[in-house]
Every structure is written in structure tokens, then in C-alpha cells.
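Peer 1: Have a look at the structure that comes next, please.
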Amino acid sequence: MYHNPIENNHNNDNDWVKKNQNILYESLLFCSDINKKNHHKNISEFEIVEEIGHGAYGTVYQVKHINNNQIYAMKVIPTEEIVKGNLEHQLRREIGIQMSANHPNILKLYSVLVYPNLCILITEYCKSGTLFQLLKNVGVLEERIAAKIFIEILKAVDYLHRFDIIHRDIKLENILLTEDFHVKLGDFGWSVWNDHKKKIVRQSTLCGTLEYLPPEMLKKSRHYNKKVDNWALGILLYEMLVGSAPFNPSNSKLKFSKYIQECEIPLPDYISDRAKNVIKGLLKKEPEERWSLKNVFNSELVKMHEDH
């Protein structure tokens, strides 16, 4: 038996937290995009089936719409945690980007339900879980399967880049799979609109996941552009074909630093030359030398496996 996530959610006694929760609540409540695009009005429209995930800032449930039995995923985010983490802008940006996106390989955000101490996101449900879970179960993927998944991720990222959006957190855990194993790119918490004039972002804090961070994001200046996503695509393709990331962040700092500086990536002999070329192209140390998405679309790997 699952409790209603609105119940038993107590306000924090801290006045500062309460004040900022109120500000966040009102900013979301009166957001025109949310009010215009919401498909649902109230949490009472849903029945919780089961909990399917739990993260640092929220819990995800599989839910069923009471009227039509349609299955969705519901992400329940306590705004107290958002305020304490100073992530209000990040949440608003995530909602704005995901609600505006319209692509078959990007997770659809149907509704944002706003309550004084909770923000609830209603998205499409992906029955096959995440790419991380798939690799955990099977180890490695055959090239034809890896390429099919990779191409759909590539299309999702290309869509974002055409609208000057950098995802900044492309990783196995954020690639969801439908029942028939089509890709849905999710989790836009670290996404950002790129500067359309300079085509560059200046970031004062690290974001994303260590295994996927390119050399330019680890520099003190942290000036970078869309090519950070291209690097992450190279890491993803490697992981699908090898079963692990090309380096282990738990290794010594010296070894990690050496990897980042030299981009020494071991490529097993059993990986085809066409796949190696894409991985090498995407994992170039210098962003200006790194393959563009157009290069990837024109690669032998993509041409061989697209629509097959």
C-alpha cells in the first residue's frame, strides 16, 4: 500500500526555507507555460502503482490515471530540498526545457503539479527502465543494438543543440527505454541554454557526472560549448560496447589527471573499426578537433545501422 505523497510532508521550521518555498511555489503556480501546457490538474487524478526510483531530490513512481488507465511516471520533488540546495533556478529551467521539447527520443513532460511544499512532474513511463539497468543485466551490447540506441540518443542531442540547449548530464542513468527499446533522453536538471552569440558557456561550478566530463569542464576557466555533450556521447558508445567507462574515477588523482590530459582510451580489439572511429572522433581532447554531430551522422557506423 503506497501513501499519497502529499500526505505526511511536513514544512521545515526554518523561516528562510519557508519563505523561499513560497517564492518557488508562486513562481511555478503562475508560470504561463505550465498553465497552458499542463495535461492534468490534480494529483487526485492518479493512483500510485509502485515506487520505481529514488534520487537525491525526489522519488519516482509508476502511476495510473484513474479515468483512462493510462500509465505515467510521477516524480515527486519536495521543494524544501530544492531550496536548501539552492536549486530553484535549476528546477525552473528543467521544467521549461523539457516542457518545450517535442521529439520522439526526448522524455515527454505532460504536466507540472504545484503544491506549497511539493513539485510533481508527470512524464511518460518507460517500461524497460534505464540504459544503466540494461547494461548491468547484460554486460555489453552487440554493435547492432548499441548502434540503434546510440543513433536515437544522437538524434535527441542533435535536436537540443539545434535549439542551443546543452544537456550537460548525458549518461547511462538518464537514457530511458520504452517497452520496445526506443530511447527517451531524460533528466534536464543540468541543462542550459547556450549563448547563441558566443556559442560558449562560462560555468563557475562543476556539473554533470565525473565519468562523462570532458577536459574543458575540468579546467579552472570552465569555458565550453555544445561539444561537452559530444564527448559524453563518445563515453556512452564506449560503455555500451565494452561494459564499463574508459576510466575509473575512483582511481588515483594522478591517473585520472593523466587520462584527462592525454585522453588515453584503451579500445579492445573486438570493437569494429567503424565504432572505434566514432569513439576516437568524439573523445578528442580539444573541443575544436572533436567530431561534430554531423560528422557522427556521416560515419560508417551510423550509415550502416540507421533504420535497420
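Every residue number used here counts from 1 along the chain in the order it is shown.
Every residue gets a Cβ built from N, Cα and C, even glycine.
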Peer 1: Taking Lys75, Lys284, Lys285, Lys294 as the options, which does TrEMBL list with Glu173, Asn174, Asp187 at the ATP site?
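Peer 2: Among the candidates, TrEMBL records only Lys75 at this ATP site.
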Peer 1: Give me the long-range Cβ neighbours of Lys75 (ATP binding site): same chain, 6+ apart, Cβ under 8 Å, in sequence order.
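Peer 2: Listed in sequence order, they are Gly58, Thr59, Val60, Ile120, Leu121, Thr123.
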Peer 1: With an 8 Å cut-off on Cβ-Cβ distance and a minimum sequence separation of at least 6, pull the same-chain contacts of Asn174 (ATP binding site), or say none.
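Peer 2: Once residues fewer than 6 apart are set aside, Asn174 (ATP binding site) is near Thr130, Leu185, Gly186, Asp187.
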Peer 1: For ATP, what surrounds Lys75, Glu173, Asn174, Asp187 with a Cβ no more than 8 Å from their Cβ centroid?
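Peer 2: These residues sit around the ATP site: Gly55, Thr130, Asp169, Leu176, Gly186, Gly189.
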Peer 1: Which value in Å gives the longest Cα to Cα span across the ATP site residues Lys75, Glu173, Asn174, Asp187 as recorded?
Peer 2: 15
Peer 1: Just to verify: the residue among Asp169, Glu173, Asp187 with the fewest other Cβ atoms within 10 Å, which of the recorded positions is it?
Peer 2: Glu173
